[in-house]
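J.: After the structure tokens below, expect a handful of questions from me.
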């Protein structure tokens, strides 16, 4: 068909392009005149294609059509007028001229919300359904016969922009094309509009957008979102006109502590809180407003209303003003359809796309001597004013982290001045626990108090979960693409590496880790873990699946892997940073947010890690850390309805309780890495020296505080005595001492209660008849030091043969030469199945044993050889689920199946 397109905007441009792709001949485009030298996108596109473009300032005068305008239109010979978005009044002489008449797009479900502000009124009235109508133009106001309608659900927090961008724009374009197709085929319906339920509302203007406070909270919320962003719902307060944006009724778990904001006519004063401005309806229900615009046009987070915005108040130097103007020119080049880049100009609302973000970052790099901005910097400061403030702060060397106040405990240790945060970390801020409750964390080397640490309460858990949920659902973390998320995790690994000596020193101070080991393992593997999973971020993908076709139609099924949401991670005390990293890296790579409960006795590296997330630019609320007791913090995380996954490493007893709580609360996804009694089988045909070396490591590594420590060594009869002799010789060479000394092999146990359990464990072994070859007692010196211990003649029925010590205690049992199946039966006679090992030169025997051992990991002629790429996790009552490797990602993802029919 020959079509005349009458209208404007990006919407009109897209409709025009799609009609041409359909093969229609657009004989002319009628759009608005250029404004400040800038042409409308529809006109620009048509001019590129050589289509005649007309820019009449008006079509009629004194109620009569202008003859010269009508003549130019009629000369085109259009068969159909398409009006995708038109702000001009088109005379009926033009509307009725084509053979097929004229069709108009209207952004509501007619006959409801006739008039120019249809989207606004859809939201203001709280309609549950929205949509658009394409109708045949007549001489009434949106009263013509219906051709096509499509509807969508209106979400509780939808605004004009979100509803338009999500549905009305993309589906409206398709709808216009479909309508023209129906007309061309001769099947387009003409359904008279019913007057039943018809409404007409006037155009929303600033003067009519004042908030009426004498109504319920939901009505106030609908008014605010219905006027967001234009014209903006406003009220008078503090002697000026305040305009509110970004309203929500989702206020669960929100604290009302803050500073009162008196509002004339309101049922109750508003409250400025850390989350934003809480408002109340006349029904005493709350709503939350996140952004406020002042009378001078300045936009700020509502939470900063009484503080002002430091970034907005920066006074620029002459050089910085010159840079700002150069950047303004860059914005003008990127946004050709914006008449003028003003302070309030929004980069994305002005038509910028993700490719333009890359361009802006690169242009700024050239303008500012190589200054490296990140893509997410643009997303966090979308207005020109905000972007310039962010840019100037970067140029001055001021980081966002400076806005976060961090209180430290400082200690001069290991030739370093340690700065250790000691408060809870919630929503990107270090805060006191409810009631300012604290507890002492102890240095196991001498039993002294390192510092007092905030002790999280149940209400603190609720706040942290709310912060994580907000970051997941509405924050930057859920909006950036996977590759940018990976870049942030790479940066976090780099920041951790820059602070590795400090982290290792804190591990030695708080957990008793030998410094040289902590540097390589506790911290080194933590860094490797974040780097490994950073690389996975943009490689998480689903599959396409062939299914039976619904003939004569066809089907396509695909799967998507999605983050589960807010995750709770509960970590043990033996590797405070490494266990945090094993779980958190996979969790974040999958796109989740997290609330972490470090072990109560070892909180300090986790809190230092929290500080490093700020330095790395991880958005606020993505990571939250709560030192505290398992009975309060761990239990509340397990019970919380907004937590969708728990990852736990710890005892089997506690793991069972967590699993039960997860089931009873909301059937959370759960992964458990629990107790172990890992068998190590040493055959006579092994490399004995290597077996001794690795056997020592399998038990005494990290003072025996090792999940996969060899809980029981089975040594073949013919080499048993020689093996024991060599082990004792090696034990005698071990230096027990201060973990910060570089030649120390064996540091203190993690905490006093654990030390006492090890003493009792050894006493029970002796009482039951096992031979104590060496050790078995506390070292006579200050601190929680325990002697490396060796037991022999351990029988299968003994307590120490069945139960985990989690300490530096080697349990040795003999087995008859050549009796492979018997020793396998003994090795598997346990409810645990975390790890295992075998030493032999016979590859056939090694593979046979590895097949039969009931454990998640089998080491052959080595031990403790974990790697970030190798899945780690147990069988039986050692738990289920995996840390590390690609398999770990699946613990923090859910699979969605999508099926199409076409």
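Each residue, glycine too, has its Cβ placed from N, Cα and C.
Source: prediction; values computed, not measured.
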J.: Which of the listed residues, 108, 330, 354, 661, has Swiss-Prot annotated as O-(pantetheine 4'-phosphoryl)serine?
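T.: Checked Swiss-Prot: the O-(pantetheine 4'-phosphoryl)serine annotation sits on 354.
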J.: Starting from residue 597 (NADP(+) binding site), work out which of the modified residues listed here (629, 631, 882) have their Cα within 10 Å, and give them in sequence order.
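T.: Candidates kept after distance check: 629.
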J.: Of 9, 89, 629, 825, which is closest to residue 804 (NADP(+) binding site) if I measure between C-alpha atoms? They're all recorded positions.
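T.: Result: the closest of the recorded positions to residue 804 (NADP(+) binding site) is 825.
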J.: Within 8 Å of the centroid of the Cβ atoms of 88, 89, 90, 142, which other residues of that chain place their own Cβ, given that this set defines the recorded (6R)-10-formyltetrahydrofolate site?
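T.: So the extra residues in range turn out to be 83, 86, 87.
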J.: To the nearest whole angstrom, state the Cα distance for the pair residue 90 ((6R)-10-formyltetrahydrofolate binding site) and residue 660 (N6-succinyllysine).
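T.: A Cα-Cα distance of 68 Å.
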J.: Look up residue 597 (NADP(+) binding site) in the DSSP assignment and reduce it to helix, strand or coil.
T.: strand
J.: What number of additional C-beta atoms lies within 10 angstroms of the C-beta atom of residue 629 (phosphoserine)?
T.: 14
J.: With H, G and I counted as helix, E and B as strand and the rest as coil, say where DSSP puts residue 635 (NADP(+) binding site).
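T.: The residue in question, residue 635 (NADP(+) binding site), is helix (DSSP, three-state).
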J.: Spatially speaking, which of the modified residues 9, 631, 660, 882 is closest to residue 767 (N6-succinyllysine)? Use C-alpha to C-alpha, please.
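T.: That would be 631, nearest by Cα distance.
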J.: Reduce the DSSP letter at residue 673 (NADP(+) binding site) to three states and note it down.
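T.: Looking at the DSSP assignment, residue 673 (NADP(+) binding site) belongs to a strand.
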